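What follows is a set of notes on a single structure, which appears directly below.
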Amino acid sequence: MALGWIVFLLLVSGSVALGNLHNYNVSQRCMRDINTFLWDLNQDEPKEYAALMYDSFGKMGSSVKEGNVNQPGSVQQCRSAIGPGFSAQYCQVFLKQGTIQYFVGICVPDSCREVDVKQLVLCDRLQFNQKSLLSLLPPNLINQSSQEVIMTHCLVDTVAPDASDVACMCVCCVMLAIPLAATLFTALRRSEQSSTVSHTAESCHLNIYGTLKSNGSEINGRTLEENGRNNPAGQCISQSSLSSCLQAFSLQTTSKGVFSTPFSVQCENYASLNGIRVLSLLWIICGHAAQFPVINNLDNYKTWRRAVESSPIYVFTISGPVFLAVDTFLLLGGLLSARSLLSSIDKAEDNLSLGLVANYLFKRIKRIQPLHLFTMCFTISLISLVQGGPYWFPFVETLIDCKAYWWANLLLISNLLPVHEICIPWTWYLSLDYQCYATTPLLVYIYRLKKSVFAVVVGGLLVITTVTSAAITACLHLPVFHPSTVTSDNYVLYYYVKPYTRYGPFLIGILTGIYLTTKKDQLLKEKWQPALGWFCCLSLMVLLIGLAYLLKETPAHPSVAHALYQGMHRLLWALTVSWIILACEEGFGGFIKTFLSFGFWVPLSNISFACYLIHPIFIILYNGLQETPMHYTDINFMYLFLGHLVLTLVFSSALTVLIEKPYLHLKHRSI
C-alpha cells in the first residue's frame, strides 16, 4: 500500500513539474528525458549513463580567491553517455555573481535546446538529493550570494560546414595546389629539356635554376622570367606567360634565398633590420602566448597578475607598455616604404608619376593579400571543422565575424570597424600598415617639392597623433599598463588599432628612411656623439618601461600623467629604435650591430610575415581544445611559448614558399 502511494505521488509531482515547465517553454521531450535522467540518478544504485552525466557536471575547485571560478566539467565523458532514447550533450551556463562572471559545464539530454537549458536552470530543476547540480560560488568567498544567468551555450557533437565554410576550404586547397602543381610542371619541363638547357647554360653562363653566375658566384633571388628578360638565353626556358607563371609559383623559384644564411650580411646596408624584425616578432609571439590563456583559461589569474605587475622582467610577455614591438614594426614599415619609393623614383629617372605610385601601392597589396586571404580562409575552415572544448566558444565568434565582415579584410579597413567585429582580430595590423603605407607617396612628393613645407606637415602630423592619443586617454580614462588594458574594451576600441593614434612611429620611420636614402655625409662625426646617443637611447628605453609600472593603476578620473604618457611613449620608442638603426648604419653599432646583423636572422626575417599571421592560430587551437583550466607558472608559460614558436616556424616556412613568395615573383606581363 505504501509503495502504491509513493508511485502515485511521483506521478503527480512529475505531472505538476511538467506542467510548470511547460509554462517556461521547455519542450515536452526535453522534460521527459530530464525526468528520466534525474529518476535514474536518484536511485540507490544509479544507472551508469546517469552517473556519467552527473560526474560530467562542473564542480567548484580550490583557489576560488585566486581566480579559479570557471567549472568546465568533462566534455568527453558527457558525450560518451547514452541514455534510454537520448544521448548526452555538453552545455555551458554562463553566470554572474556580483562582478564575477564564470561558467558551469552541465550534461543534459540532446533533446534539450539552449533555451530549454536556460529555463531548467532558472527554475532550479536540475537537482540531486534535493540539491542543485550547479555548483554556485559560495558567498563567503566572493561576498555576493545573488546570481543571474547570462546565457547558455551547447556544444554541437557533429561538424556541419555551410557553403561559406566549404568555399573557404576550396580556396585554401586551390592556393596550395597551384604551387605544388607548378613545382611538378617545372621539374618535368626541366627534365625533358635537360640537354637543351645544359647546352644553353654552358654558352650563356646560366644555370638551370635561373641564377646568373658572375665571377664564380651566384646572384640568387631572380626568377627565370627576369633572367629571360635580361638575357635572350632565358627565353629557352620561359616561352610563354603560362610557363612564366608556373615557374614563378614553383618551389624551385620561391625557395631560393629564403632559407640562406649569408656570411657577408654584416657588410650590407640595413643588415641590422633583420635582427630587429625577428626580435620584435618573438616579443609579439611571447606576448600572445601569455595573453590568450590569460583571458579565460587560467585557474590562478590573480597569482599571474600579481607577478606581472610586480616585476619589469615580464615586459617580454604581457606586462608594462602594450606591445611596443608593434611600434617597432611600424617604424620598419615606414623606413622601408620610403626607401622603396625613393629607389623606384631613381629608376624612373627622378619622375614621381601616378603610374609609379599605383605600381608602388599594387606591389604592397601583392605582398600582403595572398597570405592574408589564405590565413582568413584557413581560420574559417579550421573553426568550422574543429569540435572544441569548453574554452572554444569565444573563438567561434571569430567565425561569425568573418562571415559578416570579411570584406573589410579584403579592403584593408578592418581596423576601422569595432574591434569585436574584426575578422581574424590580429590582422588589424595589416589594415593599419597599408593605410600608413599609402601616405608615403604624398609625403615624399611634398619632401621633393619643398622641404620647409614638408617639415611643417610632418610636425603637424606628429602633434595631431600625440594630442589625439592623449585626449582619448584622458576622456575615456584609459589605462596605459598591461594587463589592465586586457579588461578595457575602450582601449582597443578607440585607441589601440586606429590610424590617427598609431601613425607616429610609421612617420618616424619615413623620416629615417628618407634621411638614410638621401644622405651624402655621415651625421655622427665626433666620438662623443654616438656615446651620447647610445646613453640617451638606452636611458629612454628604460624610462619608458619604468613609467608604465608607475602608472599601472587605471585612472578613475582624467589623468594628465596617463594622457601625456599615452600620447608620447610610442613616438619616443620609435625614436630610440631609429637611433639604433642610424648608429648601426653609420658604423657606431659595435657589438649590437654584430648581433643584429648575424646571418641566422635572415631566414627568420624572410618568414616573419607568415609567422605573424599564423602563430595566433596555433595558440587559439591549443587553448580552445583544453578541457580544464591552465595553471600559471613561469615554466609552464615558457614551454607554451617554445611549443607555439616551433610550430609557427615550421608552418610559416612552408606558407612563405607556397603562398607568399609566388606572387612576389610574378611580373605584370605574367598576370
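The backbone N, Cα and C atoms fix where each Cβ goes, and this holds for glycine too.
According to TrEMBL, the domain 'Nose resistant-to-fluoxetine protein N-terminal' annotation covers 27-140.
Look at TrEMBL and you will find 1-17 tagged as signal peptide.
Residues or ranges marked as transmembrane segment in TrEMBL: 278-295 (among others).
According to TrEMBL, the feature transmembrane segment maps to 315-338 (among others). Same-chain residues lying 6 or more positions outside the transmembrane segment (315-338) and placing a CB less than 8 Å from one of its CB atoms are 273, 276-277, 279-281, 283-284, 286-287, 289-291, 294, 308-309, 429, 432-433, 436-437, 440, 443-444, 480-483, 485-486, 491, 496, 502, 505-514, 516-517, 544-545, 548-549, 569-570, 573-574, 577-578, 581, 637.
If you look at the transmembrane segment (371-393), the same-chain residues 6 or more away from its ends with a CB under 8 A from one of its CBs are 70, 72-73, 75, 90, 92, 103, 105, 153, 155-157, 159, 161-162, 164-165, 168-169, 171-172, 175, 296-297, 399, 402-403, 406, 409-410, 423-424, 427, 430, 609-610, 613-614, 617, 621, 623-627, 655, 659-660. Per TrEMBL, the feature transmembrane segment maps to 371-393 (among others).
With a cut-off of 8 Å between Cβ atoms, the residues of this chain six or more beyond the transmembrane segment (405-432) that come close are 288, 326, 329-330, 365, 368-369, 372-373, 375-376, 379, 397-398, 489, 492-493, 496-499, 502, 612-613, 616. Here TrEMBL flags 405-432 (among others) as transmembrane segment.
Annotated transmembrane segment per TrEMBL: 453-480 (among others), in sequence order. Through the fold, the transmembrane segment (453-480) approaches residues 321-322, 443, 446-447, 488, 490-491, 494-495, 500-504, 507, 511, 548, 551-552, 554-560, 562-571 of its own chain, all at least 6 residues removed from its boundaries and within a Cβ separation under 8 Å.
Residues of the same chain lying 6 or more positions beyond the ends of the transmembrane segment (500-518) and with a Cβ under 8 Å from any Cβ of it are 270, 326-328, 330-339, 342-343, 432-433, 436, 439-440, 443-444, 447, 458, 461-462, 464-466, 468-469, 472, 570-571, 573-575, 578, 581-582, 585. Sequence annotations record features per position, and here TrEMBL assigns transmembrane segment to 500-518 (among others).
Counting only same-chain residues 6+ beyond the ends of the transmembrane segment (530-551), those with a CB under 8 A from a CB of the stretch are 309, 312, 315, 320-321, 324, 480-482, 524, 559, 561-562, 565, 569, 572-573, 575-576, 579-580, 583, 586, 588. Here TrEMBL flags 530-551 (among others) as transmembrane segment.
With a threshold of 8 Å between CB atoms, the same-chain residues lying at least 6 positions outside the transmembrane segment (571-592) that come near it are 269-273, 276, 321, 324, 327-328, 330-331, 335, 462, 465-466, 504-505, 508-509, 511-512, 515-516, 522-524, 530, 533-534, 536-538, 540-541, 544. Look at TrEMBL and you will find 571-592 (among others) tagged as transmembrane segment.
Feature annotation from TrEMBL assigns transmembrane segment to 604-625 (among others).
Taken from TrEMBL, the feature transmembrane segment covers 637-659 (among others). Panel annotation: around the transmembrane segment (637-659), residues 175-176, 179-180, 251, 254-255, 258-259, 282, 285-286, 289-290, 293, 317, 370-371, 374, 604, 606-607, 609-611, 614-615, 618-619, 622 of the same chain, lying at least six beyond its termini, place a Cβ under 8 Å from a Cβ of the stretch.
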